[in-house]
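Q: Before I ask anything, here is the structure I am working with.
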Amino acid sequence: MTLDIEEKEEIVTSLTKAEIHLSGLDENWKRLVKLVGNYRPNRSMEKKEPYEELIRAVASQQLHSKAANAIFNRFKSISNNGQFPTPEEIRDMDFEIMRACGFSARKIDSLKSIAEATISGLIPTKEEAERLSNEELIERLTQIKGIGRWTVEMLLIFSLNRDDVMPADDLSIRNGYRYLHRLPKIPTKMYVLKHSEICAPFRTAAAWYLWKTSKLADYTKPVRPKKH
């Protein structure tokens, strides 16, 4: 299922408001928005279920996209319908078959936990998820083995299209703040949380701009401390 015309128009309006809001915060944000350009996030136009997104997220952890796609294609090929495996299929799937797809033992454990959580109702449907707040979803989904806060934040941003999410523990975000505020070293998670409060209710847009800083001409990599 894809978004209808009215929903797409709402997204466009939200993008424009985000740019205006961030540009008006201070000179640092004004400069960053001007350098990066218009806010063009990778919004999900398909209404995929949280179960599917979480399975994909865990399956691709610590892998290059090419390797992750190869593993996932093998995984889908062993499904009864040749499409995305159902929670029941993953729950009942033989360990060695999943290993043959390329999954580590740890990932298999996590994938089966996600399947069980979907069957039990802990993982909500897309419709149910849209009625829950960001923190309610984070609290609920991080109970599942292999699912951390960052993974849920990516679900909120890229699948549920939430406008006010700041992945404060993301290293690229922290590096973005180092660039934005011209800091001598990478700031802490708490620094990001504190200084991103002014970006509400458009912290997702702020995160997008911070992610883009590494592509700017005057961006410099953080200096690593010298080994003695």
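The count begins at 1 with the first shown residue.
Cβ from N, Cα, C; glycine included.
As listed in Swiss-Prot for this protein:
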SITE      W150  site 'Determinant for substrate specificity and/or activity'
ACT_SITE  D170  active site, proton acceptor
Q: Here are the recorded positions: W150, D170. Which has the lowest count of other Cβ atoms within 10 Å?
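A: Counting other Cβ atoms within 10 Å of each of the recorded positions W150, D170, the minimum falls on W150.
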Q: How many whole Å apart are the CA atoms of W150 (site 'Determinant for substrate specificity and/or activity') and D170 (active site, proton acceptor)?
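A: Roughly 7 Å, rounded to the nearest whole number.
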